[in-house]
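Participant: Please see the structure below; I have some questions.
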Amino acid sequence: MLGRSRLTFVLLAAAVTCAEAQHAPPWTEDCRKSTYPPSGPTYRGPVPWYTINLDLPPYKRWHELMVDKGPMLKIIVNSFKNMVNTFVPSGKVMQMVDQKLPDLLGQFSGPYEEEMKGIADVTEIPLGEIISFNIFYELFTMCTSIITEDKKGHLLHVRNMDFGIFLGWNINNNTWVITEELKPLTVNLDFQRNSKTVFKATSFAGYVGMLTGFKPGQFSLTLNERFSMNGGYLGLLEWILGKKDASWIGFITRSVLENATSYEEAKNILAKTKLLAPAYFILGGNQSGEGCVITRERKDSLDIYELDPKQGRWYVVQTNYDRWKNPLFLDDRRTPAQTCLKRTTQENLSFATLYDILSTKPVLNKLTVFTALMDVTKNHYEAYLRDCPDPCVGW
């Protein structure tokens with residue numbers, strides 16, 4: 001009990017610190033400039049590229065990647081296990097994950113179950129732990145996504161991927177444990193069929209869903225978590241109890257990237273498909289006005305907020321809060337992003353200026369794993385690993 005009390009105290013102290021830091025230098029700063037091309041202390045390095053051959057049987061598609069990344073996946077899976085065992089020292093939870101979870105969850109749709117089995121066999125990690133690693137992203141993703149349209153009608157779609165809140169804090173170097181362990185697992189993926197690109201994405205090795213990607217010439221898509229009382233935990237419980245009529249959000253995102261052929265088709269699927277967890281889908285197209293944030297409950301859409309440059313709406317910004325509500329006072333990334341966009345102006349939109357915005361604290365924070373930049377029309381896709389050196393807010 002003492003260990004849990006100390007953990008609670010640390011989390012409360014972190015929350016108070018972040019609440020104070022959200023609106024005070026040096027944890028916030030004026031809009032950054034000249035950070036692109038990426039360099040300096042906020043740049044960890046490039047994200048490596050791998051090809052996923054969709055012509056291969058699902059079981060074999062990830063083998064080459066996982067031979068490279070398997071050792072790093074074992075590190076993060078062991079960190080998850082250690083955190084669980086801290087709360088349940090008997091080890092029974094992880095025993096259930098290893099022995100019971102695959103049967104509890106039953107079959108997954110499409111190729112995903114066979115892909116996870118292949119990953120488990122190559123890495124020699126129990127299938128239950130690979131499944132739990134994939135489930136994890138349904139519950140703990142915090143991000144900032146932006147779509148912009150310039151005066152010529154050209155669209156850009158960018159995002160910071162923030163992940164790992166409350167999942168272990170390293171007091172020696174002031175970093176989130178899981179966030180840091182995800183960086184070596186971050187990969188750019190070129191999904192190909194008949195040796196031609198179907199879509200590109202940035203993801204984590206071992207995860208078969210998608211959170212960030214684009215279909216060249218057609219549309220771009222990012223997924224942000226949406227917190228709700230009717231949330232992912234309830235959807236997961238329903239799935240375990242046998243109600244399997246909803247889609248995993250990472251899987252539906254991948255399915256849309258792989259199979260949808262237009263912005264409108266993608267928007268229709270994302271707006272209407274029943275989901276296991278609430279979410280924000282940030283979708284960009286290839287022509288003027290094609291950009292929106294789809295705010296989803298599990299069963300239906302609450303709101304579709306679209307670009308409307310004729311009415312002065314030349315950007316959309318989505319973090320992890322409904323646009324009609326104020327962000328949580330200790331986690332306001334929306335206001336700094338909007339402020340920097342307005343200062344940038346519609347005339348000066350580019351990968352460089354948008355990377356500057358995503359490099360400005362607290363949009364950039366201790367949870368930020370990578371920054372992705374997407375230009376659908378020009379088939380230009382970039383992703384970079386990030387750091388946020390002290391002083392930097394925890395989220």
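Backbone N, Cα and C atoms are what each Cβ position is placed from, and that goes for glycine too.
For reference, Swiss-Prot lists these features for the protein:
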SIGNAL    1-21  signal peptide
ACT_SITE  C143  active site, nucleophile
SITE      D162  site 'Important for catalytic activity'
CARBOHYD  N173  N-linked glycosylation site
CARBOHYD  N259  N-linked glycosylation site
CARBOHYD  N286  N-linked glycosylation site
SITE      N320  site 'Important for catalytic activity'
SITE      R333  site 'Important for catalytic activity'
CARBOHYD  N348  N-linked glycosylation site
DISULFID  C388-C392  disulfide bond
Participant: Name the one residue among C143, D162, N286 whose Cα is closest in three-dimensional space to that of C388 (disulfide bond); these are the recorded positions.
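Facilitator: So, spelling it out, the nearest of the recorded positions is D162.
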Participant: Within 10 angstroms of the C-beta of N173 (N-linked glycosylation site), what count of other C-beta atoms is obtained when all protein chains are considered?
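Facilitator: Total other Cβ atoms inside 10 Å, all chains included: 8.
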Participant: Whole-number Å only: compute the distance from the Cα of N259 (N-linked glycosylation site) to the Cα of N173 (N-linked glycosylation site).
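Facilitator: With distance taken Cα to Cα, N173 (N-linked glycosylation site) is 43 Å from N259 (N-linked glycosylation site).
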Participant: Neighbour count first, Cβ atoms within 10 Å, every protein chain included; then name which of N259, N320, N348 tops the list of recorded positions.
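Facilitator: Its Cβ has the most other Cβ atoms within 10 Å: N320.
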Participant: How long is the line from the C-alpha of N173 (N-linked glycosylation site) to the C-alpha of N320 (site 'Important for catalytic activity'), rounded to the nearest angstrom?
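Facilitator: Roughly 27 Å, rounded to the nearest whole number.
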Participant: Out of C143, C388, C392, which has the highest number of nearby Cβ atoms, where nearby means within 10 Å of its Cβ, if these are the recorded positions?
Facilitator: C143
Participant: Tell me which residues of the chain lie with their Cβ under 8 angstroms from that of D162 (site 'Important for catalytic activity'), as long as they are six or more apart in sequence?
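Facilitator: Spatial neighbours, sequence-distant, of D162 (site 'Important for catalytic activity'): T141, M142, C143, T144, T179, N365, L367, T368, V369, W395.
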Participant: Counting distance between Cα atoms, which of the recorded positions N286, N320, R333, N348 is nearest C392 (disulfide bond)?
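Facilitator: The smallest Cα gap between C392 (disulfide bond) and any of the recorded positions is with R333.
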Participant: Out of the recorded positions listed (N286, N320, N348), which are within 10 Å of R333 (site 'Important for catalytic activity'), Cα to Cα?
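Facilitator: Hits: N320.
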